[in-house]
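Note sheet for the following structure.
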Amino acid sequence: MKKVAEDDPRRIVHSFKVGLAITLVSLFYYFDHLYVGFGSSAMWAVLTVIVVIEFSVGATLGKGLNRGLATFLAGTLGFGAHHLANLPGQELQPILLGIFVFILAATVSFIRFFPRMKVRYDYGLLIFMLTFCLISVSGYRDEEVLEMAHKRVSTILIGGFTAIFVCIFICPVWAGEDLHNLVANNLEKLASFLEGFGDEYFRKSSEPESNKASLQVYKNILNSKQSEESLVNFARWEPPHGRFRFRHPWKQYLKIGSLTRQCAYRIEALNGCLNSDVQASPETCGNFREAFIKASSETGKAVKGLASAMRTMTLPSADCPQTTKSKNAADNLKSLLRTGLCEGIDIVEILEVATVASLLLDVLACTEKISESFHELASLAHFKRLEPDEKDGKPDLDKQKQVRQSSNSIASNH
C-alpha cells in the first residue's frame with residue numbers, strides 16, 4: 001500500500017474523491033424528501049457515479065458525457081417505440097417492440113465496429129443500447145413507462161454531473177498534462193541511454209563495471225503506445241486548462257511517441273552490442289573511440305534539450321548549439337568510416353565496428369525526425385520561443401533559470 005501511494009500520491013486523493021461523490025448521491029436514499037421524488041430509481045445515481053468517475057478529468061468527462069447523452073437519447077427513443085407499439089393494439093405490441101429492439105441492437109452493434117466510434121463513443125453506444133432495451137422491453141409490463149424513463153434519465157444525469165463536478169473541482173488530474181509529461185519522460189530516457197552508451201561500449205575490461213541498469217530505462221518506451229493512445233483520447237474530452245488551449249494538437253503527441261518508439265527499437269539493437277561475444281580490439285577501438293563517444297553524447301544532450309523544452313513548452317532558438325554539435329558529430333563519424341583507417345584490421349572487427357556505427361547513425365537520423373516533429377508541435381501549440389540575448393548573443397541566463405525551475409516543479413508534481 002505504501003509503495004502504490006508513493007508511486008503516485010494522486011491515487012490517495014482520487015480514492016477520497018470517489019468516496020465523496022458516492023456519499024453525495026447516496027443522500028437520495030438518506031433523506032425522505034429526496035427519496036419520495038425518485039424512489040428506488042435513486043440507485044441509478046449511485047451506479048452512475050461508480051461506473052463513470054475515473055482517475056483523470058478527461059476519462060470522467062468522456063464516460064459522463066457518453067452515458068448522459070446516450071441515456072437521454074435512448075430514453076426518448078424507448079418511450080417513442082413504446083408509444084408506436086401501442087397504436088395497432090395489444091396483439092401486435094410485443095411483435096413491434098421485438099422488431100424495434102432487433103433493429104436498434106443490430107445497428108448499434110455494427111456501428112461499434114467503426115474504429116473512430118470504437119475509440120471515442122463505444123461506452124456511449126453500449127449504454128444507449130442497454131437503456132433503450134430496458135425502457136422499451138420493461139414498458140411492456142409497466143404502464144408508467146414515461147415516469148420510469150424520466151426517473152432513470154434524471155438520476156443518471158445527476159450521478160454523472162456529480163462525478164464530473166467532483167473530478168474537475170477537487171484536485172483535478174488532467175490527462176493532457178499526463179500525456180505531455182509522458183512524452184517528455186520518454187525523450188529523457190532516450191537521452192540517458194545515448195549519453196552513457198559511448199563510454200560503456202568502449203569501457204576497458206580492466207576498468208570497474210559501470211551501472212548498466214541506468215541504460216535500460218528506455219525499455220519502458222517500447223510498451224508505451226497503448227498508454228499514449230488512451231491519454232490522447234481522454235485529453236480530447238477535456239476543456240482548456242493551464243497551458244493547454246482549446247483544440248490543442250493532441251494527435252501530434254502520437255506522432256512524437258511513434259518516432260520515440262522507433263528510436264527505442266533501434267536503441268534495443270544498439271544495446272545488444274554491449275553484450276556481444278565479438279568485441280573489437282583496443283587498437284581498433286582507439287581509431288573510433290572519440291568519434292563514437294562524441295556522436296552518442298552530443299545526440300543525447302540534444303534529445304535532453306528537447307525533453308526540457310517539451311516540459312516547459314518552450315521552443316529553442318533555430319541555432320541551438322546542442323543540435324548543431326550533434327549533426328557535426330554524426331558527420332565526423334561518417335567521414336571517419338569513409339577513410340582508410342580500417343586498413344590492416346581484422347575483417348570481423350571491422351564488421352563489429354561498422355555494425356555499431358550503422359546502428360548509431362540510424363539512431364541519430366531518428367532523433368532528427370523527433371526534433372522536426374517536436375518543432376511542428378511547438379508551432380501548432382504556440383510554444384514560447386527562447387531568444388538569445390541581444391547584447392552578447394548568448395542565451396538569457398535568467399530565462400534558462402526560470403525554465404529549469406518550472407521543469408523541476410512540473411516533474412515533482414507528476
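Residue positions begin at 1 at the first shown residue.
Just so it is clear, glycine is given a Cβ too, placed from its N, Cα and C backbone atoms.
What TrEMBL records for 388-401 is compositional bias 'Basic and acidic residues'.
Look at TrEMBL and you will find 403-414 tagged as compositional bias 'Polar residues'.
For 388-414, the entry in TrEMBL reads region 'Disordered'.
Per TrEMBL, transmembrane segment is recorded for 12-31 (among others).
Taken from TrEMBL, the feature transmembrane segment applies to 43-62 (among others). Remote same-chain residues near the transmembrane segment (43-62) are listed as 10-11, 14, 17-18, 21-22, 25-26, 28-29, 120, 123, 152, 155-156, 158-160, 162-164, 166-168, 172-176, 178, 231, 233-238, 241 (criterion: CB distance under 8 Å, separation of at least six residues from the stretch ends).
The feature transmembrane segment is assigned by TrEMBL to 69-86 (among others). Panel annotation: around the transmembrane segment (69-86), residues 92-94, 96-97, 100, 104, 124-125, 127-136, 139-140, 145-146, 149-150, 152-153, 156-157 of the same chain, lying at least six beyond its termini, place a Cβ under 8 Å from a Cβ of the stretch.
Sequence-distant contacts of the transmembrane segment (92-111) (same chain, six or more residues past either end, CB-CB distance under 8 Å): 77, 81-82, 84-86, 117, 125, 128-129, 132-133, 136-137, 140. Among the features that TrEMBL reports, transmembrane segment is placed at 92-111 (among others).
Per TrEMBL, the feature transmembrane segment maps to 123-141 (among others).
Long-range neighbours of the transmembrane segment (153-175) within the same chain, counting only residues 6 or more positions beyond its ends whose Cβ lies under 8 Å from a Cβ of the stretch, are 10, 13-14, 17, 20-21, 24-25, 28, 38, 41-49, 52-61, 64-65, 67-68, 71-72, 75, 231, 234-235, 238, 241-242, 244. TrEMBL lists 153-175 (among others) with the feature transmembrane segment.
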